[in-house]
Amino acid sequence: MPKLRSATSTQGRNMAGARALWRATGMKENDFGKPIIAVVNSFTQFVPGHVHLKDMGQLVAEQIEKAGGVAKEFNTIAVDDGIAMGHGGMLYSLPSRDLIADSVEYMVNAHCADAMVCISNCDKITPGMLMAALRLNIPTIFVSGGPMEAGKTKLSDQIIKLDLVDAMIQGANPNVSDEVSDQIERSACPTCGSCSGMFTANSMNCLTEALGLSLPGNGSCLATHADRKQLFLDAGTQIVELCKKYYEQDDLSVLPRSIATKAAFDNAMSLDIAMGGSTNTVLHLLAAAQEAEVDFTMADIDRLSRQVPCLSKVAPNTQKYHMEDVHRAGGIMAILGELDRAGLLNNQTRTVLGLSLAEQIAKYDIMLTKDEAVHKFFRAGPAGIRTTKAFSQDTRWDTVDDDRQNGCIRSKEFAYSQDGGLAMLSGNIALDGCIVKTAGVDEAILKFKGEAIVFESQEDAVAGILGGKVRAGHVVVIRYEGPKGGPGMQEMLYPTSYLKSMGLGKACALLTDGRFSGGTSGLSIGHCSPEAAAGGLIGLVKDGDTIEIDIPNRKIELVVPEAELAQRRAEQDAKGWKPANREREVSFALKVYGHFATSADKGAVRDKSKI
């Protein structure tokens with residue numbers, strides 16, 4: 001029978017000093033011997049996805065105490081990728097993931113906590129906490145802050161839906177007036193919560209459901225809706241149950257590594273492909289799998305991308321649907337249900353509710369259950385009122401969206417495409433692979449051949465696009481922006497948004513060893529591995545080179561003779577791999593990250609061989 005980890009600091013005379021300090025935090029005599037559960041919050045006023053989380057930790061803590069545990073809250077950092085976008089701040093975003101994972105490990109191990117409830121939401125916070133949970137392997141439940149409501153405004157006598165990406169695109173569009181741009185900006189992000197489309201934050205929160213580590217509705221129930229409160233309360237109650245099963249009954253099945261198995265990672269990736277999620281999720285799943293000691297690689301992603309259809313299209317892949325519409329259609333349990341009926345799911349994986357995934361789908365998939373409480377939950381909708389407060393409204397749709405032919409979520413028979421929403425490409429320029437969100441690519445350019453125009457940084461690319469250097473037919477190559485080369489692997493949302501602003505969204509491709517925001521769409525290919533700073537062929541591309549992209553056949557090639565490439569390699573080796581014409585101040589902290597970082601095909605995690 002496993003002993004409570006916290007007993008290390010709460011039992012025996014030699015721990016009198018530690019107990020004295022525990023008492024100073026408010027613990028009473030009868031608390032010693034109860035499981036100490038870390039409430040890992042990420043409240044910050046910098047991030048709309050986290051601005052409403054201040055009281056959530058204590059909400060969970062109170063429920064833990066009622067259920068028989070001792071709750072102790074601490075906070076992690078949280079970077080807002082949208083605010084950090086387009087300037088040097090973005091260099092810090094991906095490295096913050098690893099800092100979050102480490103900080104959770106430090107706090108939990110230093111204080112010998114027995115379990116965790118992770119209150120996350122935005123882009124790097126959920127992945128960082130996920131890495132920590134799988135590294136520590138103690139009972140853990142995730143509950144996120146929830147999605148933002150979609151923005152709405154009236155233009156040309158029509159009410160249109162908006163999100164952050166619309167503000168970026170229209171802000172740089174020279175054909176849009178200042179008045180309209182300002183109107184869109186003021187309407188795009190109306191409430192607290194993670195940005196309203198299937199961007200990275202919401203994608204990752206959805207994937208925690210598929211992994212079995214969060215409760216049904218975690219990925220889709222709006223931050224503003226009163227129904228979301230119950231997820232926090234249930235997480236507080238259930239984590240104590242998991243502690244009892246593990247520490248009192250020696251039930252190893254409740255541990256994160258027992259839940260997030262190889263089969264569960266396959267399920268998460270299948271969900272990601274089916275819902276056209278962010279390409280960043282690939283990076284984070286690869287990193288999390290390594291923490292879980294699960295053999296999940298780019299080869300698995302390639303395998304799954306060839307068999308899983310695209311069952312849902314949500315912003316930025318369409319403006320018709322946002323996360324509030326996914327919830328109305330039954331949320332993640334509904335998409336998993338469609339995958340299960342198509343024979344594309346490992347339905348015997350386990351969840352933190354103690355159910356198999358098949359049992360959980362049967363209970364929560366609106367296409368299977370007649371439970372009015374479940375249907376009521378998935379009718380929770382937006383109120384359209386600007387607010388930074390959680391649980392501030394209880395608006396409901398009249399009906400759920402159960403149209404699997406033309407609705408937000410489709411069955412396999414009526415899929416948006418039988419090819420999934422994400423694909424891995426490979427070829428001489430990406431020997432270890434690269435990733436494209438196919439759900440966001442126009443069918444007319446699934447095969448593309450164009451001339452390279454090369455930029456050594458995101459900043460140069462932005463200047464080139466807005467300055468008119470990029471023309472229709474170009475393959476925009478942005479290199480030395482990988483985990484090492486950045487360092488930090490910046491997101492390229494501004495270059496892709498500005499291509500649209502300049503009317504080139506369907507006329508160009510973009511290839512980078514950096515990454516993309518979940519808000520990116522178009523023929524945007526990222527995570528090119530190996531990256532330029534690791535000697536990848538992308539570092540040898542010159543202006544005017546031909547690059548061929550063939551998404552249906554999963555190929556990408558630099559069409560340059562081998563002899564010419566060998567000569568370029570020799571010239572590059574002679575001078576060393578260094579991006580030309582780039583002035584970028586890089587802090588010591590970022591240099592440390594870059595020194596240890598692996599390429600994107602390994603999840604940009606630290607290279608353990610260097611330690």
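Cβ from N, Cα, C; glycine included.
What Swiss-Prot records for D81, D123, K124, E491 is Mg(2+) binding site. The [2Fe-2S] cluster binding site annotation in Swiss-Prot covers C122, C195 and rests on sequence analysis. Residues or ranges marked as N6-carboxylysine by Swiss-Prot: K124. Marked as active site, proton acceptor by Swiss-Prot: S517.
A Cα-Cα distance of 9 Å separates D123 (Mg(2+) binding site) from S517 (active site, proton acceptor). Separation of the C-alpha atoms of D81 (Mg(2+) binding site) and S517 (active site, proton acceptor): 8 Å, rounded to the nearest whole number. Considering only the recorded positions C122, C195, S517, E491 (Mg(2+) binding site) has S517 as its nearest partner by CA-CA distance. For the binding-site residues shown (C122, C195), fewest C-beta neighbours within 10 angstroms: C122. The binding-site residues in question are D81, D123, and the one with the fewest Cβ neighbours inside 10 Å is D81. The secondary structure of D81 (Mg(2+) binding site), as reduced to three states from DSSP, is helical.
Residue density at E491 (Mg(2+) binding site): 32 other Cβ atoms are found within 10 A of its Cβ, drawing on all protein chains shown. Apart from D81, D123, K124, E491, the residues listed for Mg(2+), the same chain places the Cβ atoms of V79, A84, M90, S93, L94, C122, T200, A201, N280, S517 within 8 Å of the centroid of those Cβ atoms. Across the fold, the C-alpha of C195 ([2Fe-2S] cluster binding site) and the C-alpha of S517 (active site, proton acceptor) stand 11 Å from each other.
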